Amino acid sequence: PSVISRHGVVKTEDTFKTSPFHFDLWFYFTLQNWVLDFGRPIAMIILPLEWFPLNKPSAGDYFHMAYNVITPFLLLKLIERSPKTLPRSMVYVSIIMFVMGASIHLVGDSVNHRLIFSGYQHHLSVRENPIIKNLKPETLIDSFELLYYYDEYLGHSMWYIPFFLILFIYFTGCFTPVEEESRMPVPALLLMGPSSLYYWYLVTEGQIFILYIFTFFAMMALVMHQKRKGLVLDSNGLFLFYSFIITLVLIAVWVVWLWNDKILRKKYPGVIYIPEPWAFYTLHMNNLHAAKESL
């Protein structure tokens, strides 16, 4: 059933229907984020180089390809389960932009991570890298900077802005007038840790703190606005909201821990200082591995 309002047809079930906790979707979402996104550079480093020569796609690239297909599918399924009718045109455009950005990132990230095997150091800028600064002609350095721009700036923007926009659009439908439905089941509590830790990795490695914090502030503003109307978050909304809160705590701990690192400070100047985990790895963990091998 539906009614006619000034804004067009509105489904009456939008007002009263509430979704149970989507354990299956959130579980698949968290699992594939960890395996296909966080795990792709690890797979590239761990698996034998002779299996994936440097002039061919690495194992991590195939992980990335799977991520680019599975993630938009899960996001669409999440939107479909919303008890509220959401703006479909905005969702579809966001999904298209997401796939474009993630695909651009696939190419740039593939080359940048393969450069690690040639001695590229992520804690240094492109021009400061020993394997880059001696390239001849020097215009080749410009090409590598262009590659870095597509990977770290354009690719990340077209990937993450639609990603967080879709999560926020979904979040707008996660409100209920029933106080008893504003609690999280045990599966949600178990998933919250891995989910929050992944968002920490996403924000720090993607260098998207501004996007993340604006999304979080928008969530907070919406929660306060809906509370004045007598509406509270359902279990799915609570899961997303609390995951973002824990993510903020993890980012703060990360920044405090590396606050006095002079080398990372040089790479990440400015007011917002949030080092990338892979820059930390190539700076400190690689040195640790080299020291062990020399013993």
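Yeah, the Cβs are placed from backbone N, Cα and C, and that goes for glycine too.
Automated prediction, rather than curation, is the source of TrEMBL annotations.
Per TrEMBL, transmembrane segment is recorded for 62-79 (among others).
According to TrEMBL, the feature transmembrane segment maps to 91-108 (among others). If you look at the transmembrane segment (91-108), the same-chain residues 6 or more away from its ends with a CB under 8 A from one of its CBs are 61, 64-65, 67-68, 71-72, 75-76, 79, 147-148, 150-152, 154-163, 165-166, 169.
Annotated transmembrane segment per TrEMBL: 159-178 (among others), in sequence order.
Residues or ranges marked as transmembrane segment in TrEMBL: 208-225 (among others).
As annotated by TrEMBL, transmembrane segment applies to 237-259 (among others).
Sequence-distant contacts of the transmembrane segment (237-259), counting only residues of its own chain at least 6 positions beyond either end whose CB sits under 8 Å from a CB of the stretch, comprise 21, 26, 167, 170-171, 174-175, 182-184, 188, 191-193, 195-197, 199-200, 203-204, 209, 212-213, 215-216, 219, 223, 273-275, 280.
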